[in-house]
Amino acid sequence: MLSSVMAPLWACILVAAGILATDTHHPQDSALYHLSKQLLQKYHKEVRPVYNWTKATTVYLDLFVHAILDVDAENQILKTSVWYQEVWNDEFLSWNSSMFDEIREISLPLSAIWAPDIIINEFVDIERYPDLPYVYVNSSGTIENYKPIQVVSACSLETYAFPFDVQNCSLTFKSILHTVEDVDLAFLRSPEDIQHDKKAFLNDSEWELLSVSSTYSILQSSAGGFAQIQFNVVMRRHPLVYVVSLLIPSIFLMLVDLGSFYLPPNCRARIVFKTSVLVGYTVFRVNMSNQVPRSVGSTPLIGHFFTICMAFLVLSLAKSIVLVKFLHDEQRGGQEQPFLCLRGDTDADRPRVEPRAQRAVVTESSLYGEHLAQPGTLKEVWSQLQSISNYLQTQDQTDQQEAEWLVLLSRFDRLLFQSYLFMLGIYTITLCSLWALWGGV
């Protein structure tokens, strides 16, 4: 009775065990596991992966500029973010895909295989990039290695044409140890495709990517020839923010100074106005000095622009001071007590009666008050009247000379203004020509 009950139970247990055994998979049963084990079991990453040691391993390079992070003109350093790709053939990592469940591509750890020792010659800082520990290997032994790199490289930055400057920085890739007989370099894409490819570039920074030209060359040294590929990153600065914050305010201040020439030469407000413009320009120049890049090699053209504009403002103020000085000296030479250098501002421009004339008027009043009591008073009154008449004639001559002198100074002021305007125009044309020549505008 018991045996009849246990028999079906044992049958169920055996069926369940068979099903579990069928559904359980072990890594040893995976074709991918067998393939990776077979490829790496006897692999030596210290040996260049060729069967014929006289055959060079060709490494194909490609580069995508992702972003321009920083341009340090003072330290001559460029920081860029690039996508870098290496492709080479490893003869020790090929297989027949039909023997491994039609697997045509596999990912392997980069640390377990041979990799070319490619470096960037212009590197000046430790590269920082995400750790991508795997590479793709296909059945023919072709390996693809992708590297997003943040490159901090040395670059000869020319800021003379700032803010319309165009920079050309190079990134040179070469093997640090292997000569061209062992490791050769080549382009993964044609240089024409690399030059005009901007699809990966983030064009929302201060710089615009113009092109990425590339050249192949062999560097000869005492140890032999080394293959190298140089990528020239050509970029142009977006000048709008600097034009608005630096150039336009400076141009406005220069135009305001030109407008001050329409004030009369003998107007006191003219010198005060020009002095205020000069002080305002000096404060503006000090506040904006941090926006101009500093370079040891050369001073940016905009620095010369600020200096010459300030020199023009000083020249304009000095010219007005000289004109007022001429007018002041002329008035001092015309009479004993000088007039003020500016007309119409005080009571000094009204005719003043000398003490002698004042006494004459008083005497005349007193004489008439006494009804001409003394017989000699008529002669004295006549003498005083003649003195007043002579003074008025002298005053008229002085006013006429002053008017003629003002006309002469106005003509001289107009001549100086035209000369000032001519020099300013020549300077503006020269500055724009230099910016266009150096900046490639």
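Quick reminder: no glycine exception, Cβ is built from N, Cα and C everywhere.
Positions annotated as signal peptide by Swiss-Prot, on the basis of sequence analysis: 1-21.
Residues or ranges marked as topological domain 'Extracellular' in Swiss-Prot (evidence: experimental evidence): 22-238 (among others).
Taking Cβ-Cβ distances under 8 Å and a sequence separation of 6 or more, N52 (N-linked glycosylation site) has no neighbours in its chain. Residues or ranges marked as N-linked glycosylation site in Swiss-Prot (evidence: experimental evidence): N52 (among others).
The N-linked glycosylation site annotation in Swiss-Prot covers N96 (among others) and rests on experimental evidence. Around the Cβ of N96 (N-linked glycosylation site), 7 further Cβ atoms fall within 10 Å across all displayed protein chains. The secondary structure of N96 (N-linked glycosylation site), as reduced to three states from DSSP, is coil rather than helix or strand.
DSSP assigns N138 (N-linked glycosylation site) to a strand segment in the three-state reduction. Residues or ranges marked as N-linked glycosylation site by Swiss-Prot on the basis of experimental evidence: N138 (among others).
The secondary structure of C155 (disulfide bond), as reduced to three states from DSSP, is coil rather than helix or strand. The disulfide bond annotation in Swiss-Prot covers C155-C169.
Look at Swiss-Prot and you will find N168 (among others) tagged as N-linked glycosylation site, backed by experimental evidence. Within 10 Å of the Cβ of N168 (N-linked glycosylation site) there are 15 other Cβ atoms, across all protein chains.
Less than 8 angstroms from the CB of N203 (N-linked glycosylation site) sit L209, each of them six or more residues away in the same chain. Residues annotated as N-linked glycosylation site in Swiss-Prot: N203 (among others).
Among the features that Swiss-Prot reports, transmembrane segment is placed at 239-259 (among others), with the record citing sequence analysis.
Residues or ranges marked as topological domain 'Cytoplasmic' in Swiss-Prot (evidence: experimental evidence): 260-268 (among others). When pLDDT values are averaged over the topological domain 'Cytoplasmic' (260-268), the model yields 78.
Per Swiss-Prot, the feature transmembrane segment maps to 269-286 (among others); the stated evidence is sequence analysis.
The N-linked glycosylation site annotation in Swiss-Prot covers N287 (among others), and the record cites sequence analysis as its basis. Over all protein chains present, the Cβ of N287 (N-linked glycosylation site) has 9 other Cβ atoms lying within 10 Å.
Per Swiss-Prot, the feature topological domain 'Extracellular' maps to 287-303 (among others).
Within its own chain, the transmembrane segment (304-324) has Cβ neighbours under 8 Å at 247, 250, 253-254, 257, 260-261, 265-266, 270-271, 274-275, 277-278, 281-282, 285, 341-342, 409, 412-413, 416, 420, 423-424, 427, 431, counting only residues six or more beyond its boundaries. Under the heading transmembrane segment, Swiss-Prot lists 304-324 (among others), citing sequence analysis as support.
Taken from Swiss-Prot, the feature topological domain 'Cytoplasmic' applies to 325-414 (among others), supported by experimental evidence.
Annotated region 'HA-stretch' per Swiss-Prot: 381-413, in sequence order, evidence recorded as experimental evidence.
Fewest other C-beta atoms within 10 Å: among the recorded positions N138, C155, that description fits N138.
C169 (disulfide bond) has a Cβ environment of 22 other Cβ atoms inside 10 Å.
Between N138 (N-linked glycosylation site) and N96 (N-linked glycosylation site), the C-alpha separation comes to 10 Å. Through the fold, the topological domain 'Extracellular' (287-303) approaches residues 73-74, 157-163, 242, 245-247, 431, 434-435, 438 of its own chain, all at least 6 residues removed from its boundaries and within a Cβ separation under 8 Å.
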